[in-house]
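Visitor: To start, I am sharing the structure in question, which I have written as structure tokens.
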């Protein structure tokens, strides 16, 4: 029995476990310290009442023979696919068919599993810094090549996103087969305008590349003219798959539900990708819990929409507090407007990890070092808006008291 | 962008969709007919009250800031891993560590995804007939070779299971790298004794093969001396991964929860498979819904155990009705004792599909043709015990009235 050797190439990144370990060590040495965590991208507000009601109802249905539900449809019940189609596409002027939407147990699963339908021989382009799952899943699949002394993989096309290009990647000089884009971006919090996305769609169409568009954070977009879906761009249905999540939209991180859109007109070498993904999901996946599907449906009800908007406003207010507080303290910072993430430049002379250590030591605030998201993240730092407002204000006051000149 | 060409090799098997289509056509032509479905392996009894209570409680926790849960641990909360470890292993005298158990959204996902950690170059051995996911996922991964005129794949080692070998596969003459075993078997309903499993474990250890042991139906085992877990066999922790499901154990088909055991001492080429699967799941999966995990925990409570036992007894009684009724009608039949499936030989001169058509026409009973599970299933037929007892009795009476000599 031969193992998949590609797995041996991945070193555990240890990003979040190192963050947690350092925090624990500090707390152990300073038991009295009130450490505030603005590091992890996990939500903290309870689920919307409409979602809770829908789940209680669904649980009761499972208790009764007449209303019990067995195996769910592999791609989702009609009620949720129709709610997604209407609210996320039709009502926004985008024409997506119901059988182009595939409900799943979350964007992370889809983001990793989507690679099953592509050849190992494809060359992928990935933003740097970015959500580590894109690169890790391609290493596992055998598309990465080898790692050089700077931590870069030989067969990956990197697209650096730094202050110098306003965190919007340039078109790569070498043409990739698959391009991962994530807007609003994790970790930088930056967005792409319609014009910027159009440039990518045109490029992909011209070069017959596939775009994997991760819009897990679309619900944080508040500014006019910023696309929430890649399909707002003409031609995108011929070159792009869209990955969506309810995790940040409705606080569903503990619920596990998202969806992926694979348009039928998306064809490569004369083969439509839609039936390939349908076959992958029907064979290696068995649908989402009925109760979770009813929960997701409730997000799209009138009360549900109102309630999740309130929770989003809560986090958006935290993001504003962080962004403005840091600016006031003299930091160069980005994101935070259409995103729950604020991305800041660490003070001159510090690495990301050195700043992490100092922030923990001097302010008892935990963030995430930018270098953990890729080599080009070095010198940056991420803070998240998912904490409580009270703690967020307290953290920013502490940072100001130490760093404000 | 190059697609994964292996996907093009799979013809849609159409097994269950052809079954459904034929049923619909018959119903349309005979609107008055009371068609009874004993075809699909999906449960119909409501969830246990203990499970329902646990879910209502967990839903309420998600409604409150103090008890809200975000991202679940990737491999499962301690409370469910400990319940599994104690009840399914320790209490049965099997030593499995908590971090050898990986909770998931179901055995179908694990069964397909486990292939990620193996090289494409492995040669796999598969029982014939069997659950189609084993072969389909290996075709997708590129391990199948090409299909010949008899419907057999050139690179797959087939292990026929027919009445001639009492549906227990013989050791293959060519040594496989990976061996899929499923007991109690789907579709034949037959089990393996401790001695038979020991033969496989010894063979795998001798040849350094890996056994993937699917025990999704273990809760149906009622006879003494029939293993519920491969780890009841000495040495199995050095050669076997076990796949488990709550779907049939506790009627969880609509809930999506199962688990996989990867012992740490399971090593190939000096690499332990446990950290490879841990890495796969941490990268391409994000855990199971908190509510579902609490539901699974409730199965192991005292009331939960009692309640699911009652439901299993209900299905077991149906299986007995089918098995004895068919025998009385003169059919040669198998399974049905430690399994919800009864596997019968179709009358001489019929193919599986011809018998399907006649049974639908003459008895208005729908079953599943054995040939749909693989070439060696030709001439056999599967009936399931997951219907209501009333309908099951009625179906068997109809069959008797037509076929009993």
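Cβ from N, Cα, C; glycine included.
According to TrEMBL, the protein has these features:
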BINDING   B:14, B:41, B:108, B:131, B:186, B:286, B:382  substrate binding site
DOMAIN    B:34-399  domain 'Aminotransferase class I/classII large'
BINDING   B:71, B:107, B:108, B:131, B:186, B:217, B:245, B:246, B:247, B:256, B:286  pyridoxal 5'-phosphate binding site
MOD_RES   B:248  N6-(pyridoxal phosphate)lysine
Visitor: Out of B:41, B:71, B:108, which binding-site residues come under 8 Å of chain A, measuring Cβ to Cβ?
Guide: B:71, B:108
Visitor: Count the other Cβ atoms sitting within 10 Å of the Cβ of residue B:382 (substrate binding site), across every protein chain shown.
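Guide: The Cβ of residue B:382 (substrate binding site) has 25 Cβ neighbours within 10 Å.
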Visitor: I'd like to confirm something. Which of the binding-site residues, B:41, B:71, B:286, B:382, has a Cα closest to the Cα of residue B:248 (N6-(pyridoxal phosphate)lysine)?
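Guide: Its closest listed neighbour, by Cα, is B:41.
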Visitor: Could you check what DSSP calls residue B:41 (substrate binding site) once collapsed to helix, strand or coil?
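Guide: In the DSSP reduction, residue B:41 (substrate binding site) maps to coil.
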Visitor: Given the binding-site residues B:71, B:131, which one has the fewest other C-beta atoms within 10 angstroms of its C-beta?
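Guide: The binding-site residues B:71, B:131 were compared, and B:71 has the fewest Cβ atoms within 10 Å.
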Visitor: Among the binding-site residues B:41, B:131, B:186, B:286, B:382, which ones place their C-alpha within 10 angstroms of the C-alpha of residue B:71 (pyridoxal 5'-phosphate binding site)?
Guide: B:286
Visitor: Enumerate same-chain residues with a sequence separation of six or more from residue B:245 (pyridoxal 5'-phosphate binding site) and a Cβ-Cβ distance below 8 A; give 'none' if the list is empty.
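Guide: Expected: B:106, B:107, B:216, B:252, B:257, B:258.
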Visitor: Which residues, sitting 6 or more apart from residue B:108 (substrate binding site) on the same chain, put a CB under 8 Å from its CB?
Guide: B:133
Visitor: Which whole number is the mean pLDDT over the domain 'Aminotransferase class I/classII large' (B:34-399)?
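Guide: Residues in the domain 'Aminotransferase class I/classII large' (B:34-399) carry a mean pLDDT of 97 in this prediction.
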Visitor: Between residue B:41 (substrate binding site) and residue B:247 (pyridoxal 5'-phosphate binding site), what C-alpha distance do you get in Å?
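Guide: Residue B:247 (pyridoxal 5'-phosphate binding site) has its Cα 10 Å from the Cα of residue B:41 (substrate binding site).
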Visitor: Could you state the whole-number distance in Å separating the C-alpha atoms of residue B:247 (pyridoxal 5'-phosphate binding site) and residue B:131 (substrate binding site)?
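Guide: Taking the Cα atoms only, residue B:247 (pyridoxal 5'-phosphate binding site) lies 15 Å from residue B:131 (substrate binding site).
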Visitor: List every residue in the same chain as residue B:286 (substrate binding site), at least 6 positions away in sequence, whose Cβ is under 8 Å from its Cβ.
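Guide: Result: B:71, B:72, B:74.
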Visitor: Under a criterion of Cβ-Cβ distance under 8 Å and sequence separation of at least 6, what residues of the same chain contact residue B:186 (substrate binding site)?
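Guide: Correct list: B:41, B:130, B:131, B:216, B:217, B:341.
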Visitor: Which of the three DSSP states, helix, strand or coil, fits residue B:245 (pyridoxal 5'-phosphate binding site)?
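Guide: Assignment for residue B:245 (pyridoxal 5'-phosphate binding site) reads strand.
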